[in-house]
Ligand SMILES: Cc1ncc(COP(=O)(O)O)c(C=O)c1O
Ligand SMILES: N[C@@H](CCCC[NH3+])C(=O)O
């Protein structure tokens, strides 16, 4: 995380001391680095050089409008999974011709909105969805461009909750069934089959599962072409892992070089939809220690951020490095960093050597730019954190901290109560 480093005033993001941000707007606060977003995107772009390609950004990783605007301005496409993400992507200025829409449960309203924007591709996940698409497109006099999302049945070697390409997964269509479905599409009037899509999971730290899946799916592209389908796009999904702790992760170049022959053999334009790789190490969560607590032999640092702000540790037992904002290499304390939420699973770091922070000290949870704020909730009626973007020595609030009034927005107490 080159854009977060110790210098004047403690831990900094680019040209700004994180303490300055927190002193001004409080905590918990997510802080994102423009330079880190740009660097990760450009690394992906360069890895694909020589191939006809489009790097799409998976909006689900971090959908803040300013993050999206940054990527849209760099030329990225967008991978969306809901009408809400389509709305965000359009507001942020993505070119609809660079938008791909995945997800097993697209509703009629979502399909209509995406057809209305003339997005590039629907990544279709079932025979029923295809039928629905044909019917809706027909009703509104539109044509739908379609990729079949296949399930290559490969173990990605990642956490079970974020594996999507194995035999029993709800995602995608088995490759043999995709061939049968393709023949059926040939008879549809409003649907054009022009792509194959796959995505086998997230935080994948080895090349081998990607390579195995891509070889299988590329085989389908070639078979469909042999059968006369005009397959112009091969979407290899996202999933490239990042270093949270000490994982050895392939660089985008190593990854693409390893699969380049399979990609080239398809003759198709290559799409990818990376979320974590682009946003993960571009963000930190600032949180203040509210209390120190000892319970028997165990020590706790109680923070003002909890599982509602950052769910990954509770949900996946995910590891995020905890740094003192004040100083590098301060003395350490074996403790749990926990939040104020009334759940015993509410922790940000468990049984770890943590900075020996005093009450009032600021900590940074590293690598929280992806699936951090985007998975936050109001559980325990906790207003969601503020978000900040840093660019050079400038910074701005890109999402205001929620207030108590936001918690009850839209709630109505009917007259009969
Ligand atoms: C269909 C699809 N595409 C892209 C992504 C982005 O994945 P990642 O953030 O691991 O790159 C996901 C999430 O796993 C996904 O479900
Ligand atoms: N939310 C997950 C990633 C899921 C990706 C969505 N398909 C995480 O935080 O790691």
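Glycine residues also receive a Cβ, built from the backbone N, Cα and C atoms like all the rest.
Among the features that TrEMBL reports, active site, proton donor is placed at 342. Taken from TrEMBL, the feature pyridoxal 5'-phosphate binding site applies to 239, 273, 274, 275, 276, 371. For 276, 312, 316, 343, 371, the entry in TrEMBL reads substrate binding site. According to TrEMBL, the feature domain 'Orn/DAP/Arg decarboxylase 2 C-terminal' maps to 30-369.
Recorded residues residue 275 (pyridoxal 5'-phosphate binding site) and residue 312 (substrate binding site) have their alpha carbons 15 Å apart, per Cα-Cα distance. The Cβ of residue 273 (pyridoxal 5'-phosphate binding site) lies under 8 Å from the Cβ of 56, 57, 58, 79, 100, 102, 199, 235, 237, 238, each on the same chain and at least six residues away in sequence.
Between the listed binding-site residues, namely 276, 312, the fewest other CB atoms within 10 angstroms of a CB are found at 312. Residue environment of residue 316 (substrate binding site) contains 16 other Cβ atoms, counted within 10 Å of its Cβ in all protein chains. Of all the recorded positions listed (274, 342), 342 has the fewest other CB atoms within 10 A of its CB. In this structure, none of the recorded positions 312, 316, 342, 343, 371 sits close to ligand 1 with a C-beta under 6 angstroms from any of its atoms. Apart from 239, 273, 274, 275, 276, 371, the residues listed for pyridoxal 5'-phosphate, the same chain places the Cβ atoms of 58, 60, 61, 202, 238, 240, 277, 278, 279, 280, 370 within 8 Å of the centroid of those Cβ atoms. Reported as a whole number, the C-alpha separation between residue 276 (pyridoxal 5'-phosphate binding site) and residue 342 (active site, proton donor) equals 29 Å. All protein chains considered, the CB of residue 343 (substrate binding site) has 14 other CB atoms within 10 Å.
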